[in-house]
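J.: Found this in TrEMBL, in case it helps:
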type	residues	note
TRANSMEM	20-39	transmembrane segment
TRANSMEM	46-63	transmembrane segment
TRANSMEM	69-91	transmembrane segment
TRANSMEM	112-135	transmembrane segment
TRANSMEM	187-204	transmembrane segment
TRANSMEM	234-255	transmembrane segment
TRANSMEM	275-299	transmembrane segment
TRANSMEM	311-330	transmembrane segment
Amino acid sequence: MVGDTGQLMQQIVIGLTKGTYIAVIALGYTLVYGILELINFAHGDLFMIGAFLSLIFISLFGLDPKTSSGLTIFFSLIAILGLVMLCTAFLNAGIERFAYRPLRNAPRLAPLISAIGMSFVLQNVGIFLGDGLIWGKAADALGSDALERVSTAMGSQSVAPKNIPDLLPNGQVFFIPDSLKYTYKDLLVVVVSLGLLAGLYSFVRFTKLGKAIRATAQDRDAARLMGINADRTISVTFLIGGALGGAAGMIVGLYNGTALFTMGFTAGLLSFTAAVLGGIGNILGSALGGLLIGLILALSDQYIGARWSNAVIFAILVLILLFRPTGLLGQEGGQKA
């Protein structure tokens, strides 16, 4: 009985850890949907790009868990987190500018197709980063010149995961034999993710730009009449969503120690489900949905089997869409921001 209780508690801890970073990704979906009513299917792939960018910056900073001091690693990771968020923020804003904005007044299917297309583009960028000129096979194995090597790498479908150096502390915050283990890695994931969630909530609720985002989400035309630059506000929303996706990618990459070009696909679907579960367009709802999805995943892994976990999650998505399409905290007509 004690062992069963211990296993349950351990899965709850794992689920809450997963849930916090799923919530961070889900907020990217909910911000964009709240202001444009667009499902940005490329958002999950920004998560993947964030993981690869963290690997690149870690290499450029020369970080090594065996030779770098703890303070060097700590301050370097903070700087790298900022750089990753900056890169993915501007990447997402660029996607909005060139892939979504020209289709803003087009039939609703057009931006959806564009979003799916951008997802495939970003996956191929991940393939290049994972198997291309910088991190993958020897140059001569990919081709005789730069153009051939790039095209070969981007067409590859057999890219192995790339290892990210284990830079996070491996000690245990507390440990109960045969019952519960909580590591510093788990704690850091939760603290950083909750910090990002709290920062976003405070920004949207209490800043002038955050109020502009909420106003544009409620009624874009009325916001324009009140002097709000809707295009700029939408661009800022994509900047924030991209930064959150990149940050989550770095967090998960460091936590798991790997980066793979397909990692954004599943994470994106899980986070989209979390946003729908909590109430897409609702910040608190999406955060709650992320925590619930994390718990469901962990408990399903333990008591049903890991191979069925994703099926359970997507079955829940279907049930939500059938019986409560507004989500747990959503309202008819779409409560936003």
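Any Cβ shown, glycine's included, is placed from N, Cα and C.
The structure displayed is predicted, hence computed values, not measured ones.
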J.: Mind checking which residues reach the transmembrane segment (46-63)? Cβ under 8 Å, same chain, six or more beyond either end.
T.: 25, 28, 72-73, 76-77, 79-81, 83-85, 87-88, 91-92, 122-123, 125-126, 129-130, 134-135, 162, 164-165, 167, 241-242, 245-250, 252-254, 259-265, 267-268, 271
J.: Who are the long-range neighbours of the transmembrane segment (20-39) in its own chain, taking Cβ under 8 Å and residues 6 or more past its ends?
T.: 46-47, 100, 104, 111-112, 115, 189-190, 193-194, 196-197, 200, 213, 216-217, 220, 233-234, 237-238, 240-242, 244-245, 247-248, 251-252, 255, 267-268, 270-272, 274-275, 278, 280-283, 285-291, 293-294, 334, 336-337
J.: Tally Cβ pairs under 8 Å between the transmembrane segment (234-255) and each listed stretch (69-91, 187-204, 275-299), then give the stretch with the top tally.
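T.: Comparing 69-91, 187-204, 275-299 against the transmembrane segment (234-255), the winner is 69-91.
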